[in-house]
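**Student:** Shown below is the structure under consideration.
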Amino acid sequence: RWLAAGRASRRLVLVVVFVALLLDNMLLTVVVPIVPTFLYTTEYEGANSSVVSALTESAPPALKGPPFSSIFSYFDTTTVTVSGSTSAMELANGMASSPPPQPPTSSPPPPSGCLEGQEVLAKENVRVGLLFASKALVQLVVNPSVGLLTNRIGYHIPMFIGFIIMFLSTVMFAFSGTYTLLFIARALQGIGSSFSSVAGLGMLASVYTDDFERGNAMGIALGGLALGVLIGAPFGSVMYEFVGKSSPFLVLAFLALLDGALQLCILQPSKICPESTRGTPVVTLLRDPYILVAAGALCFSNMGVAMLEPTLPIWMMQTMCSPKWQLGMAFLPASISYLIGTNLFGILANKMGRWLCSLIGMAVVGISLLCVPLAKNIYGLIGPNGGLGFAIGMVDSSMMPIMGYLVDLRHTSVYGSVYAIADVAFCMGFAIGPSTGGAIVRAIGFPWLMIIIGVINIAYAPLCWYLRNPPAKEEKIVSFKYTLCP
């Protein structure tokens with residue numbers, strides 16, 4: 001009876017989607033403070049230590065003896081210094097030699113507490129950016145296929161497939177020790193995330209048919225996304241500093257198993273008639289200008305934080321000499337404010353107008369990004385990052401329900417394809433952001449990167465006005481979402 005009641009409960013469906021988004025985004029952000037320092041430790045410091053050990057082993061025995069020695073000559077009453085120090089006999093005879101000149105250094109030493117190898121850190125921006133972007137790039141390619149699959153077989157089976165792939169990716173992260181294996185694990189996460197997010201959001205839209213209820217449910221589900229982002233980066237930095245690299249991923253793998261057990265107990269595949277699930281083609285949805293405006297708002301607002309993820313920790317290591325635990329804590333204000341914003345504006349956005357909420361949110365995103373380079377320490381990042389997270393929460397909690405509303409208003413009420421488009425827009429931000437952000441930082445610097453993406457968000461914000469009152473198509477026929485086969 002409990003299982004039967006659970007399968008019929010909309011709240012338990014919301015819980016499953018909440019947990020799936022939570023784990024996905026914890027894995028998304030837990031690597032943010034770990035990967036830059038892990039690659040620096042394994043590649044730069046490892047290479048230096050191997051060079052030093054090789055030089056020590058190849059040194060001749062004479063160099064391994066005492067550092068200072070003297071030779072007495074029977075043909076002269078002086079002492080000749082061999083290596084650097086002045087002997088007592090030289091002092092007596094007044095024949096001390098000056099110390100050898102030191103070779104000139106190519107660059108000044110880093111400030112106290114900062115990491116050495118600044119050129120290595122600069123180059124690492126590009127590699128870390130490509131690693132972070134690989135997940136979104138793969139997800140970008142897989143999303144349209146997942147949208148079509150959910151339209152044909154329902155949402156439950158794709159969601160469970162996403163859980164399996166996410167579990168494999170998490171375990172691979174725990175035991176990967178090279179850049180190549182980390183890259184493969186990140187790309188594999190993109191496939192699992194595509195199944196989980198598209199199927200989960202589509203499931204919520206099909207269960208919550210009322211527009212107001214759907215907006216509240218989407219806000220709660222995005223709260224799971226926000227909580228994952230909130231916990232991920234600080235959790236990863238603290239665990240990596242005090243326990244080790246594998247520990248946070250093993251904890252996430254255990255939580256993923258619990259989520260899979262919850263899905264098996266509560267969810268069941270629905271048997272859907274193929275003729276009743278034919279939704280609007282993806283190409284037709286992509287030609288809808290209102291859907292494109294909403295997708296663009298999702299893309300550009302999230303692109304700002306996507307650019308921060310690979311570049312901000314390295315910038316902090318270079319300019320603030322920040323320890324490992326601070327690299328993840330810097331994202332804590334953004335995560336907390338995003339959690340507040342999604343839950344608060346999931347309700348308020350429907351009252352004040354979702355278009356207005358999104359317009360204000362994008363403007364605040366741009367202003368917050370412009371203020372990030374002004375910070376001189378981690379405390380200076382609290383205000384800009386807090387405003388950034390709150391504003392992105394405003395945009396996400398407004399645009400996700402609008403996507404479902406536009407399909408109800410202008411197309412067939414089948415949601416797999418439209419939420420595949422929403423996830424594609426989200427992934428484009430997280431694909432273009434890290435991959436281009438690292439190259440831009442290396443070319444013109446981190447402050448200019450923040451200026452560019454901040455101005456783009458401010459310039460795009462007025463386009464949200466077009467979502468104020470989108471027209472309905474005359475031939476739109478109101479019908480049920482699905483008709484179950486007898």
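Positions of Cβ are set from backbone N, Cα and C atoms, glycine also.
Predicted automatically and left uncurated, TrEMBL annotations should be read as such.
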**Student:** Checking feature assignment: transmembrane segment per TrEMBL, candidates 119-136, 137-154, 191-208. Which range matches?
**Tutor:** 191-208
**Student:** Looking at 55-75, 328-348, I want to know which stretch TrEMBL calls transmembrane segment.
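**Tutor:** Matching range for transmembrane segment: 328-348.
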**Student:** Who are the chain neighbours of the transmembrane segment (328-348) in space, where the CB to CB distance is under 8 Å and they lie at least 6 residues beyond its ends?
**Tutor:** 29, 32-33, 215-216, 218-220, 222-223, 225-227, 229-238, 305, 308-309, 312-313, 316, 322, 357, 378, 381-383, 385-394, 396-398
**Student:** Quick test of the contact rule: Cβ under 8 Å, at least six residues beyond the ends. What residues does that give for the transmembrane segment (414-433)?
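**Tutor:** Same-chain contacts beyond the ends: 132-133, 135-137, 139-140, 143-144, 146-151, 155, 190, 194, 197-199, 201-202, 205-206, 277-282, 285-286, 291, 294-296, 298-307, 309, 399-400, 403-404, 406-407, 453, 481.
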**Student:** Can you tell me which recorded stretch out of 12-35, 191-208, 290-308, 387-407 has the most Cβ pairs within less than 8 Å of the transmembrane segment (220-243)?
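**Tutor:** Checked against 12-35, 191-208, 290-308, 387-407; highest Cβ contact count belongs to 12-35.
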